[in-house]
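A.B. asks: Quick one: structure below, then a few questions.
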Amino acid sequence: MDGFVQEWSNLPRSDNGLHMDQLVGELPTDGGFEPQTRARSNTWPCPRPENFVEPVDELDSTKASNQQLADPQQAMQNANAAKKNSSRRNAWGNLSYADLITHAIGSATDKRLTLSQIYEWMVQNVAYFKDKGDSNSSAGWKNSIRHNLSLHSRFMRVQNEGTGKSSWWMLNPDAKPGKSVRRRAASMETSRYEKRRGRAKKRVEALRQAGAVGLNDATPSPSSSVSEGLDHFPESPLHSGGFQLSPDFRQRASSNASSCGRLSPIRALDLEPDWGYSVDYQNTTMTQAQAQALDQLTGSMADELKLQNDMLQQQGFSAASGLPTQPPPPYQQQQQQQQQQAQQQSQLPQGYTLNGPVSAPGYNTLQPQAQQQQQQQQQQQQQQQQPQCLLHRSLNCGCLHSTRDGLSPNSVTTTMSPAYPNSEPSSDSLNTYSNSILLDAASDNGSLLVQQQQQQQQQQQQQQQQQQQLSSGLEGQCLEALNSEQIDEFNLENFQGGLECNVEELLQQEMIYDGLLDINIPLPAVNTNATNVILTNNSTNNSSSGCNISAGVQLSCSQLQAELQLQQQQQQQQQQQQQQQQQQQQQQQQLLLSNNNNNNNNSLELATQTATRVQYTQPSVVTSPPSWVH
């Protein structure tokens, strides 16, 4: 340890740091240990002089690139040498982990080794791993061996026959020779995948170009993308409907407010004209084909529109119940009605459009006439219908004769007697409703608005009157139906002699049902005539009907309940007493049985004793008196 007393010499520093050769030369060697230039855990190979490449200046590289080699064979040899020298080398040599494992398995007699045996072979046969067999320094290379065993296809794992032992590792005879194939999934970004994706792109572009050329020959229009989309989606309802899109239809994606690529079913009309010109609304009239197409597109919009009451009642609908009061007219009548409406529309002035009405003479006179015709048709239909009884469901009912004068036919037919409750409105009638309502809603004439307001007020008043008449008529009808001759069978006055019942039996039955046991109530002997209850209907006083009950048997509800509770308590006590008595009887029986058993056992013992007893008898000895006795 005396070497450490020496002072360190000041070594010259360079730009690259300290020179290791000078540092090693200055270290003292008498301390008993060799100087180590790097740690033992560093397993990277030492730099070799043949692999060292000197840096080439830019001028030298440019000069060498300008010169041509005289001998091409020499160039090939130099390239091969460079390849050999540039190959990856490990600290133990040129062999990789997979090659070492292959040698280890091949050197075994059975051509198979466990993982621990492979570790032992590495430590024994490879000089680099001799001092790295302990657990601290073997973590890295053992992990590499396990990784190579599971990674390469040349090794196969075989289950060990013994329980609790590690598996065998063997060489795979089916593995390809040469460089081992890695068991790693290939990437999706391969050349084959790129070719396939390129073909799909070309097909899509060809379809788009063909659709654009077929539909737009020379000039592109805003509907080119629409037609292209229809070609890609042949199941679209726009194909089968025969609906042709006008150039005014545009995609919503072209607007700044939306990015959806759907079609807008709204015409691109300039609702807000620019300041430079005025819009001619007369040129924007719609043809009949376009109107039908719009009806087809709207579809279920007719259900959401507020249909007028008079037009609903014309086809058999009622505003009060919401159900059709009569079946829809046959197809021929519907065609006739549609033709009449078309004629009425044709009589309108030509300047009328959906966007706005144009004042013309004669239009105000047509509307009241049409309304009068509709009202006449409604009255005729209501007169044809007949009221129906609610109780008997028959037209020729006797209970309706008295109320038929007080009730109007409108109130009976619109709400009470649905002749065909399961019928539904047809789609053609709804379409005609929607067309007529659109025409009525578009009219802005002042006189029409005044008339409509008056009609609505009148209709509301009529509805209120009808509802009042219905409520009063229904009450009268029900009362008269109850008091009619057809249900006189249920009149209590017709029962002669009254209704008789025995109160004692009734009370006993009720108590039996409540208490679930037969209870005999000690009641005094009462004449049956006095205990009979006679129920008669007092004709003079219709508001109340009484029952004459004898005074001796009148009991209030509270008294009955109290008596029932007492009886139930008595029953419970009796049941408990009975149970106690039964238990006592059982105990007595058990005692008797035990006593009988004891007696039987004693008698058996006595019998056996008498049977086995031996009777000993003394022999009778006759002694004669002595001779000297006389």
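In case you wondered, yes, glycine gets a Cβ from its N, Cα and C as well.
The region 'Disordered' feature in Swiss-Prot is assigned to 1-45, 214-260, 318-379, 403-432. Sequence annotations record features per position, and here Swiss-Prot assigns phosphothreonine to T43. According to Swiss-Prot, the feature DNA-binding region maps to 92-198, an assignment based on sequence analysis. According to Swiss-Prot, the phosphoserine annotation covers S187, S255, S258, S259, S264, on the basis of similarity to another entry. As annotated by Swiss-Prot, compositional bias 'Polar residues' applies to 218-227, 408-417, 423-432. Marked as compositional bias 'Low complexity' by Swiss-Prot: 332-350, 367-379.
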A.B. asks: Averaged over the DNA-binding region (92-198), what pLDDT does the predicted model reach?
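C.D. replies: A mean pLDDT of 80 is what the model gives the DNA-binding region (92-198).
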A.B. asks: Using Cβ-Cβ distances, find the residues under 8 Å from T43 (phosphothreonine) that belong to the same chain and are at least 6 apart in sequence, listing them in sequence order.
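C.D. replies: Looking at Cβ-Cβ distances below 8 Å from T43 (phosphothreonine), excluding near sequence neighbours, one finds A91, Y128, G140, W141.
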A.B. asks: By DSSP, what is the split of the DNA-binding region (92-198) into helix, strand and coil residues?
C.D. replies: 46 helix, 13 strand, 48 coil
A.B. asks: May I ask you to report the DSSP-based helix, strand or coil state of the residue listed as 'phosphothreonine'?
C.D. replies: coil
